[in-house]
Amino acid sequence: MRGDIFMLSAITVRNLNVSYHGNDAIQNVSFSVSPGKLVGIIGPNGAGKSTLLKALLELIPRDTGEIQMNGKGISEIRKHVAYVPQRSNIDWDFPITVIDTVLLGTYPNLGIFQRPKKKEKALAYDCLQKVGMGDYANRQIGELSGGQQQRVFMARALAQQADIFFLDEPFVGIDVSSEKAIVNILKELRDGGKTVLVVHHDLNKANDYFDELILLNKELIGVGEVEKVFRSEILAKAYNTQFPFLKEMEVQM
Amino acid sequence: MSFIDAVFQYGFLQKALLTSTMVGILCGVIGCFIILRGMALMGDAISHAVLPGVAISYALGINFFLGAVLTGVLTAIGIGFVSQNSRIKNDISIGIMFTAAFALGIVLITFMKSSTDLYHILFGNVLAVRPSDMWITLGIGMFILSTIYLFYKELLISSFDSTMSAAYGLPIKWIHYFLMTLLTMVTVASLQTVGIVLVVAMLITPAATAYLLTERLWIMLYLAAGFGVISSVIGLYFSFTYNLPSGATIVLVSTFLFIVTFAFSPKHGLLWRTLKSKRKKKALVH
Ligand SMILES: Nc1ncnc2c1ncn2[C@@H]1O[C@H](COP(=O)(O)OP(=O)(O)OP(=O)(O)O)[C@@H](O)[C@H]1O
Ligand SMILES: [Mg+2]
């Protein structure tokens, strides 16, 4: 435990407050995440999970708060953070193929006036293979199912070769086997020292998937290792309801 | 005398041909970004908004490119300001701003010049292109094409996914206003060829035609430029031969290309789509 204090944290948030037109979405949230962790962000609908990710990326303004990643401000480290939003507000009829969409992931690491070359294209194809979408490389992006589209955006995030990953509900609409494959990819990233934050809905899987949890409902309800946070009495506070299935699980454990 | 003989013989026709070819390329290329970003209305707005600038330039005796670019960009900023600082949506803001600018332009021009000039500005008169206009058009063209070549990567990603672009630090607002400036310059360069009222057709129709034919942006850019050039050259031919306003003939040619593509495009065309689904239904019935 003491060692943690001396280790540089991957993400540090102090006193974060975010509101939309005067309505609070996030109140007084502080936490830190050490590098090489796979972290789940859970909480009910409207808890501010997506808002938290957007505020960390400074895609929306915050009222107060300090945010550091790898000891730097977000503007310095932006290019090393990959983000997959909950809903991409893109035009699905855009003239772009699946492989070219994944290739966009390499853009942040290319200089201005620089074009993606063979190396970048090979990387994009590898990432597409990893999410099991290699056969669809030359399809137009709108000609995929919702789950397939989600996997393509996952591949794009991988192609960015970032240090920190923000994934907002990456498993929604994804079938069981692809979900497993993606979870394994995320665990590989973590084992490679990357920090991965995942907004997640399905409480049943939360303790299999993650090392740590951030439990949110406007305020921070709990943060830390899964065993400490994933308890029915703490979850009940966030969701305002009882969790009988959890009690059974705890008995089994 | 045939059109081709006339081109060799008359300098004014050569200038017209060169200018309208460049305009065809520029409108096609910028048009692709305009329609992909859902800004077709913006194209219409900017083209009308240059009118007061043209009028002021006449009054001051300066080249009309200067004044036109100024009022075009000011209108783009005004549109953005109103829609971002109130509940007025973008299309409403566009409707308010460009009609105001256009009305102001009509009043100014009527005060200062005869109505024939207004007619030429509104509907184009490519056969009266002066050498200085031609050179300015070519210069603007080179500038725009090279910036699009250099910033292709950034234009692609910010048009496709503005969230990711912002997340990795692209200045998407600046890119928007930069494109608006390019759009204004293209509009001004097209004034004499197609005129204010019909510029929007040259921006949208060739790009939309290309959009029906490909799933890759760079191919779309080349195709749109190609359709723009074909429309300009054939339109110019009709304009010269039958003594018609060049703007109208050029736009009609590009509309014709669009209709043909709309019907026969291999993937998105009406004909093949209907045939394929009919065939499928038949196969299922038997
Ligand atoms: N663009 C917006 N404008 C105004 N209010 C917003 C906006 N986006 C979110 N909110 C509000 O902020 C709160 C938090 O929203 P957020 O999207 O962060 O929730 P979430 O935890 O991601 O929910 P979900 O599980 O449904 O994705 C909600 O009460 C929501 O109504
Ligand atoms: Mg959300």
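Going from the start of the chain as shown, residues are counted 1 onward.
Note: Cβ is positioned from N, Cα and C throughout, glycine not excepted.
Sequence-distant contacts of the transmembrane segment (B:12-36), counting only residues of its own chain at least 6 positions beyond either end whose CB sits under 8 Å from a CB of the stretch, comprise 6, 42-43, 126-131, 133-134, 137-138, 140-141, 144-145, 148, 155, 159-160, 179, 182-183, 186, 189-190, 192-194, 199, 202-208, 210-211, 217, 220-221, 223-233, 235-236, 240, 246, 250. The transmembrane segment feature in TrEMBL is assigned to B:12-36 (among others).
Annotation comment: TrEMBL describes B:56-82 (among others) as transmembrane segment. Within its own chain, the transmembrane segment (B:56-82) is flanked in space by residues 42, 45-46, 49-50, 88, 90, 93-94, 96-98, 101, 105, 108-109, 112-113, 117, 132, 136, 140, 176-177, 180-181, 183-185, 187-189, 191, which lie at least six positions past its ends and keep a Cβ under 8 Å from the stretch.
Annotation source TrEMBL lists transmembrane segment at B:94-114 (among others). Note on the transmembrane segment (B:94-114): residues 41-42, 44-46, 48-56, 58-59, 71, 75, 78-79, 82, 88, 121 of its chain, located 6 or more positions outside it, place their CB under 8 angstroms from a CB of the stretch.
Under the heading transmembrane segment, TrEMBL lists B:134-152 (among others).
Taken from TrEMBL, the feature transmembrane segment covers B:164-188 (among others).
Sequence annotations record features per position, and here TrEMBL assigns transmembrane segment to B:194-213 (among others).
What TrEMBL lists as transmembrane segment is B:220-240 (among others).
Residues or ranges marked as transmembrane segment by TrEMBL: B:246-272 (among others). When Cβ-Cβ distances below 8 Å are used as the criterion, the transmembrane segment (B:246-272) is approached by residues 16, 20, 24, 123-127, 193-195, 197-198, 201-202, 205-206, 208-209, 212-213, 227-228, 230-232, 234-236, 238-239 of the same chain, each at least six residues removed from its ends.
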Outside the transmembrane segment (B:194-213), six or more residues from its ends: residues with CB under 8 Å to it: 23-24, 27-28, 30-32, 34-36, 40, 43-44, 47-48, 50-51, 120-126, 183, 186-187, 219-221, 223-228, 231, 245-248, 250-251, 254-255, 257-258, 261-262, 265-269
